[in-house]
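Per TrEMBL, the features are as follows:
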- 58-524: domain 'Amidase' (DOMAIN)
- K104: active site, charge relay system (ACT_SITE)
- L153, S179, V200, G201, G202, S203: substrate binding site (BINDING)
- S179: active site, charge relay system (ACT_SITE)
- S203: active site, acyl-ester intermediate (ACT_SITE)
Amino acid sequence: AEAQERQERSLVRMEAVAHRVREQHPSVNVVSILSLRLPELSRKLRDGSLPPDHVFYAYVGKALQIATETNCITEFLQESETQLRKAKLTEKRGLLYGVPVSIKDSIDCQGHDSTLGFIKNLNKPAAEDSVVVQVLKRQGAIPFVKTNVPQSLISYDCKNLIFGQTRNPLLYTRTPGGSSGGEGALVGGGGSILGIGTDVGGSLRFPAACCGICAIKPTGNRLSKRGILSGVVGQKAVAAAVGPLAKDVDSLALCLRALLSEDMFSLDSTVPPLPFNEEVYSSTKPLRIGYYETDFFTMPSPAMRRAVRETKQLLEEAGHTLVPFEITNVDYVIFNYCVRGMFADGGSSFVKKFKGEIEKGGTRLFFWLAKAPQWLKTLLSWISKPFVPRFSSIIRSMKENTVEEVWSLHHEIEDFCHQFIAQWKKLNLDVMLCPMLGPALGIGYPAKLSVAVSYTMLYNALDFPAGVVPVTLVTDEDEEQLKSYKGYYQDWWDRTLVKALRGSEGMPVAVQCVALPWQEELCLRFMKEVETL
């Protein structure tokens, strides 16, 4: 109740801030400020043609509106007002000078809670800013709000017992995606020009795809994760990453340019000192692009398939070469690398997180399986195998492993990664075009559809950079074709997915753009190409 009151007070404070400026500067053209893309906005802020307080107040007002509509903001960072005053006096103007930035709940901001949607994490303010937030501030950015997440972060919806459900700004009955769902809603609704989130199975890419914006999940260690909390601590099978969300690709590139600075490399020496490679990002040489329309695990919705096909055709017409890529064994990757990797301790550390919490949120299946004794899991897995093979596989993947088994699993994932790269190199590819789950599912459905993370989570297991770009909207014809959707397994999950996707005319659908490890600039260059076309 206290946290909800604090959230309410935050919105009241934002209202007061926005009101004060309307009184003092009635001539500020909020609409024109909000219509600027990040590269233009930051240029105007740096050359002094736009005062930072005008921009700040424009975004505080808009963020308040989107928060009221979607419930995406958990807290207003009051120190942003002090930072703003200091910014006006500073001579050194970083790349993000005066740019208001929204921050996901799980990323530490000094003096504020990082709750992960858990009640036990309330009133435990972070002792210092995470490295990413420190670097943003050194580049002149002004972190101004923290945004909502699903309980535990192991979900692609956005609901917890403290702050409740965040809604999709484009259609309130839909999920904004997760776990960076508050970011997706706020940036998608226009209340923030740049957001920072994290991704361990699609948690940046789902919200971007659901809310019709762009995001990039870099290679796990390209940006510092110091001071960022994760859903399952210490597991090394599935790589987590931190990255930006924005309306367009140039904005993502500007953010990475700012973050990949000496500041970050000195604050966290475990991050490779690779500055942003301008040459690769601005290159115009034709690309050799692999592509696939399905992973043969989650059957793509008609709109997903069309999104890949139409993008492929446009890329070919623009002079790029497209090569079919054969994707295999995704079921094995999902169950044996992802689920088993994240729950290699049989889920006991995951269960511990929920100790003393009132509700288990959108992760009931995993929670229940993690608590079940091993004999029961074995029995259930055996009984369900002929009828629901995927359920049987999940149960099998949730067993407790010995240290030897975990090491052998890590070794197997490394081998898989090298095989995947070998197949990529054999085709001489630069990048890959892949489907992205969409359109946004109905609220509450992600909890019932954990298996649908297959398109995104593959690239966490491989630790490749992957971004999403919205390319089309769901048509009536897509809806019509959805009626004959069966799925590859024709099980309960396949039937549920159809229900979750129904009635989505006009909702955005994205594609995924992927590159090899440490090739974020090439990934962004490809995303930019897709966006332009």
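Every residue, even glycine, has its Cβ placed from backbone N, Cα and C.
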K104 (active site, charge relay system) versus G202 (substrate binding site) - Cα distance in angstrom:
15
Spatial separation of S179 (substrate binding site) from K104 (active site, charge relay system) - C-alpha basis, Å:
9
What is the set of residues, excluding L153, S179, V200, G201, G202, S203, whose C-beta falls within 8 angstroms of the centroid of the C-beta atoms at the substrate site?
I154, S155, Y156, G178, S180, T198, D199, L204, F206, G231, A240
Average pLDDT across the domain 'Amidase' (58-524), rounded to a whole number:
96
Around the Cβ of S179 (substrate binding site), the count of other Cβ atoms that are within 10 Å:
35
Once the chains shown are all counted, how many other Cβ atoms turn up within 10 Å of the Cβ of L153 (substrate binding site)?
28
